[in-house]
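Swiss-Prot lists 49-69, 170-193, 274-358 with the feature region 'Disordered'. The compositional bias 'Low complexity' annotation in Swiss-Prot covers 53-62, 339-356. According to Swiss-Prot, the region 'Sufficient and necessary for DNA binding' annotation covers 96-187. Taken from Swiss-Prot, the feature zinc finger applies to 103-180. Annotation source Swiss-Prot lists Zn(2+) 1 binding site at 106, 111, 128, 131, citing sequence analysis. The Zn(2+) 2 binding site annotation in Swiss-Prot covers 147, 150, 154, 166 and rests on sequence analysis. According to Swiss-Prot, the feature motif 'Bipartite nuclear localization signal' maps to 163-179. Taken from Swiss-Prot, the feature compositional bias 'Basic residues' applies to 170-179. Marked as compositional bias 'Polar residues' by Swiss-Prot: 275-284, 319-338. According to Swiss-Prot, the feature compositional bias 'Basic and acidic residues' maps to 285-295.
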């Protein structure tokens, strides 16, 4: 949570000479409409004003200095409950006057060693030097040992005898050492890509700290000249001239050496060598990456200059970065865009719908240096749409401090994404030509689209390059669990990814235009083997919790690595627990990245996310048009294939709420054309059939789906079930509909050829179906002959209250309302009712006749003439002979 200045707080120092504000803007002070791209300042008890002649085009932008200022002060009496970005990783609402390191103690029980004067490494990991090398220590009531590679405590069983690192990290370290060196890139020198990205990190760092010092523009010139040397010598010359010409402008560079180096002074000659030796080569000899302590901060960036860990920093990969005067963040590798969820969770997964052009959801990131939300023009959304030629079908935005980081999620055609990223510099030129707003034409702007990035200075594109490093060198998200959460519960997230704990990594959680406060949990990070990636990579898991402020919508989990690499992953917020449980089935599928099933699953999450977002906006949705019916149909088909009853019900509810297509009186007919009940019968899904038969839309009285609804060729669901094998359960459900039209339609409903469902069953030899329906018909007719009599519960009380006018009744009299039809049956139906007893009488007569015959046979003396003597029953013997 970001702290703010209290009115009674200590006066701050202003850099009036360079026109900077005292503190960075606070996310709590602004209400951002992510759909209209409008920033509205909230009513606060404290307002910020610049000193003197401070300019609106430049403000404090330090990710380090201002972060310390935010942590050094606190606002009192703030009970508005606004959601803010937890930049410093604290979950408490108030902070001490200044965050110092004097209070750090060893985490080992009964140690309490003061870590204020020890090395930064021991301070960050909260372990004293003695226990970091001890063979055992008690932490959390468990005997453990500190791992030198993981920089955290493990159980003793995870260590081999005499080893200071756990077996898992040693195994990964040995595998990396045995791997052969990668083949050179297309330019013949793979270290050039590393050097370019180090320069980009340095440039971003300078721009974020340009308020700290004044003078000296040579540093920026050297960096940019070296950065664009790969693109051409002439571009570098033009860039330096551009920077020199802008020296007296409002957005001129005021940069000091310490802004780059993170120390008090640094030799300028080192920078010249850094620029001159860009073409040099060096063998790659990288050590194990540095990792943080087990309770690492989800939102903080550990790149403070005083926290630089020289002894654990990896050796440089290029002689140009070999000086130890540079902080460790200069030597770190920056990630490429190789994963389908880096910059876009579906960058490699086009939509599976049958639209004319394949669509994809991605994002564009703008970092506007020296700007504040009040400088956003009212027509910002229109400017973005004009720049993109109105190609996005859906668009949503977020802002957060760090000057201003404007993140735009949008859905547009794959060809539009390719056109935008293939020549980002030309595309940005169109944006700058279309608008003369100071937001775009003054100061520095950093733009990121997929693996392309660009820098804009005073309305001109000065850098346009791409990132291309191995995936093991950057952070990205593999999966987020749960994929769908109920709005009524506290969200407990588990984020799985690569290099989540490396230096300079931030994990952000955003929902419907807002960033949420993340509460860290102790021992939340674990490492496990990755079964679907290269064995040299290690999968890390981060657990944290946060409160969901909405009932329904879509959110994103974002990871950011020093401004160069970024990755995001969508998740859903739904009020129905059954919907959440069904969508969570996709969690396992999404972990197998690169497969067709994973691509389709990610498309589904994006599409239903946009639908939930539009359904939440309602009539205030600024996106052009309505949610197309063809996209809705693809969502229905995807859910129907997986037999998700709750998801289908949710989609139908949103359809009748008007979130899909042009809702009118013909919407029922439009939905009937999808033949959902026919699809469910073909899937042989009895739960889906039962749900559809009992689904009644809002503000309607009758069921929408009927078992006698005619589809293609006049086929009804009954026809389909009668012709399929093993459809007893589905047929049973179809004939148990609320209106009981299924039984009637079994023998009366005909297709285009004149056959009934019963005829289909006879032709296919499904006589069990016929017997099943016949039993139901017989049961129905028998039930209709019975008369239900309502007998009072307390009849004795009624007798006591009523006076007895005559002798005590010997029988219960049931009064019945006169009915002509009943009287008619009583008069003319006596003979027919007596026939019901005729079979019993005949049976009794037959039994009596048999008994008489047997008796006569026993008492008579039958004679068999000419063969035997007269036969008598009394003379009959028994035995074997």
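Cβ from N, Cα, C; glycine included.
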### Summary
Rounding to whole Å, the Cα atoms of residue 147 (Zn(2+) 2 binding site) and residue 106 (Zn(2+) 1 binding site) are apart by 15
### Query
Given the Zn(2+) 2 site residues 147, 150, 154, 166, which other residues of that chain have a Cβ within 8 Å of the mean position of their Cβ atoms, reported in sequence order?
145, 146, 148, 149, 152, 153, 158, 159, 165, 168, 169
### Message
Using the CB centroid of 106, 111, 128, 131 as the Zn(2+) 1 site centre, which other residues of the same chain sit with their CB within 8 A?
### Response
105, 107, 108, 112, 113, 127, 130, 132, 137
### Message
Is it possible to list how many residues within the zinc finger (103-180) are helical, extended or coil according to DSSP?
### Response
26 helix, 17 strand, 35 coil
### Query
What's the CA-CA gap between residue 150 (Zn(2+) 2 binding site) and residue 106 (Zn(2+) 1 binding site) in angstrom, rounded?
17
### Query
Taking all residues of the motif 'Bipartite nuclear localization signal' (163-179) together, what is their mean pLDDT?
70
### Task
Find, for the listed binding-site residues 111, 166, the residue with the lowest Cβ contact count at a 10 Å cut-off, counting only other Cβ atoms.
111
### Task
State the count of C-beta atoms found within 10 angstroms of the C-beta of residue 154 (Zn(2+) 2 binding site), not counting that atom itself.
20
### Query
Expressed to the nearest Å, what is the distance separating residue 111 (Zn(2+) 1 binding site) and residue 154 (Zn(2+) 2 binding site) at their Cα atoms?
18
### Query
Whole-number Å distance between the CA of residue 128 (Zn(2+) 1 binding site) and the CA of residue 154 (Zn(2+) 2 binding site)?
16
### Task
Round to a whole number and give the Cα-to-Cα distance in Å for the pair residue 106 (Zn(2+) 1 binding site) and residue 154 (Zn(2+) 2 binding site).
16
#### Entry: Cβ neighbours of residue 150 (Zn(2+) 2 binding site) where a neighbour is any other Cβ within 10 Å
23
### Task
Fill in the CA-CA distance, residue 131 (Zn(2+) 1 binding site) to residue 154 (Zn(2+) 2 binding site), as an integer in Å.
13
### Query
Near residue 128 (Zn(2+) 1 binding site), how many other Cβ atoms are within 10 Å of its Cβ?
23
